[in-house]
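Peer 1: Structure provided below as structure tokens; questions to follow.
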Amino acid sequence: MAKFVFVTGGVVSGLGKGITASSLGNLLKASGLKVFMQKFDPYLNVDPGTMSPYQHGEVFVTDDGGETDLDLGHYERFIDEKLTKMSSTSAGKIYLETINAERRGDWGGQTIQVVPHITDSIKNKVYQAAKTSGADVIISEIGGTVGDIESQPFIEAIRQIRMEQGKENVVFIHVALLLYLNASKEYKTKPIQMSVKELLSLGIQPDIIVQRTDKHSSKEIKEKISLFCNIPTSNVIDAIDKESIYEVPLEMYEQNLHGLVLDQLQIRTKKTDMESWIKFCEKIKASKEEFEVTFVGKYIELQDAYLSVIESLKIAGYEFKRKLKINWIQADKLNESNYKEVLQNAKGILVPGGFGDRGIEGMILASKFARENSIPYLGICLGMQIATISIARDWLNLPEANSTEFDHSGAVPIFDFIRGIDVQNLGGTLRLGAFYKTTIKEGTKAEKLYGSREVFERHRHRYEFNNEYKKALEEKGLVFSGIYEEKKLVEIIELPNHPFFVGSQYHPEFTSRPNKPNPLFKGFVEAIVNNK
């Protein structure tokens, strides 16, 4: 039978509940347990798929095509497991499913209420994850902050789960801010106390408190929190600021977070083996010299919009003992008159995914500059599309070449809607997930990087390359090195006589892991390091 851990947050948002949950998952897996992780978000959007990157950050895509919260990227990177749509649930999805069930008559004329109908639906998501994943421990992060009105059904649901399963099968971890007042030079525990008081009023006694702080707290601070929050002093854990988030599991290991959880859940495991994670962190600390990536994007004001891309670059850099330096370029600031000057010192250029026509011409110029000046280039999804459009304009003498996403007239549609897609709604109209086998052409850079002729990568797009232009571009020297043969969709392009010029229609950033960078990122970083 699965055991359950619930992670809540108090005082303020952005304290690192996701990293705390991920770190615990890392430790439990290192102890020999199978772990599954979930995120419950209190917003009313059905999923993050149509949310603005400026408000939500990146949309992380799972193997089975789930458009999920960016915390799932942390989960997968920390526990090195493929999660599913079941790992991300919003209040909007819960309410939609409940209302649809009522409209179908599933409730037999009952009065539909938050308790029990909404809370039962939330509990079912947790229990279903336990049943289908076969995991020993389910770790569920509750989004938002305790006290928010939107979070209350989730708090009530996990309270009921504890009642149903018993304390020996459920652990509550509360992450809260240990406030430091610079004026008086002292730490204040009152915000944590009030946050726990709020939890207690909702029927939940936390078992472990993780206090976010800049440095380790004193024995006196922990004793005070212990006294007022009804937990042993040993169950007060410091989440201190670290240079790298990947050091946090080791910090939690030193404070025995996993041991506290295992003891309460009455689980006996083998010795926790952190050797591979320690070696990874040693790589990070040994990475002194920088490598620079010029990042030409649409949403650079909020770097979380590209979280997995950034982490993938970092992870690849550590393989060469290099740390990442990013030169951020707003795509819509590049134009014909300034792009050469702006990009003249670029060591490597990356154009990531995105939607809409803003900044497209700037991205096209960035890919053109990389192509013509032998600068390593990696284009992801949109970045692959604009690179192909740029080549078509120059090599086929088609100045009107474009995508129907940006030029609705479709005069020269190098990219067009994926066949069979209904475009009436934005939500649910994308090609999603890793269901599509990419067959890689023999003797190409892609084959060398992957070491395989077949790969499965994750997608998130609604436009595809128009094969009417394939032969003409091949004759000019563009190599279509990866194809989804079933529907003849182009997945990878590359230039053979270039240090590194590769574009993928899929998103390789979603499968990079510590100690296992995605091959495209590793090849891109290696090209930057070696390109003189």
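Cβ atoms here come from the backbone N, Cα and C positions, even for glycine.
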Peer 1: Hey, Swiss-Prot has L-glutamine bound by Y54, G354, L382, G383, M384, Q385, R462. Any idea which of E76, E405, E442, E485 it lists too?
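Peer 2: Record check against Swiss-Prot: L-glutamine site with Y54, G354, L382, G383, M384, Q385, R462, extra candidate from E76, E405, E442, E485 is E405.
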Peer 1: Per Swiss-Prot, which one of D71, D80, D106, D120 shares the ATP site with G14, L15, G16, K17, G18, I19?
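Peer 2: Swiss-Prot lists G14, L15, G16, K17, G18, I19 binding ATP, and from D71, D80, D106, D120 it also lists D71.
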Peer 1: Among the binding-site residues listed here, G14, G16, G354, G383, whose Cβ has the fewest other Cβ atoms inside 10 Å?
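Peer 2: Each of the binding-site residues G14, G16, G354, G383 was scored by Cβ atoms within 10 Å; lowest is G14.
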Peer 1: Fewest neighbouring Cβ atoms within 10 Å: which of the recorded positions D71, E141, E405, E509?
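Peer 2: Result for the recorded positions D71, E141, E405, E509: minimum number of other Cβ atoms within 10 Å at E405.
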Peer 1: I'd like to know which of the binding-site residues Q193, Q385 has the most other Cβ atoms within 10 Å of its Cβ.
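Peer 2: For the binding-site residues Q193, Q385, the Cβ with the most other Cβ atoms within 10 Å is Q385.
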Peer 1: Quick check on the binding-site residues: of I149, I192, whose CB has the lowest count of neighbouring CB atoms inside 10 Å?
Peer 2: I149
Peer 1: Looking only at Cβ atoms, how many others are within 10 Å of the one on L15 (ATP binding site)?
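Peer 2: The answer is 19.
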Peer 1: At the level of the C-alpha atoms, what whole-angstrom distance separates G383 (L-glutamine binding site) and G18 (ATP binding site)?
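Peer 2: For G383 (L-glutamine binding site) versus G18 (ATP binding site), the Cα atoms are 29 Å apart.
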Peer 1: Looking only at C-alpha atoms, tell me how far K17 (ATP binding site) is from Q385 (L-glutamine binding site), rounded to the nearest Å.
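Peer 2: With the alpha carbons as reference points, the distance is 36 Å.
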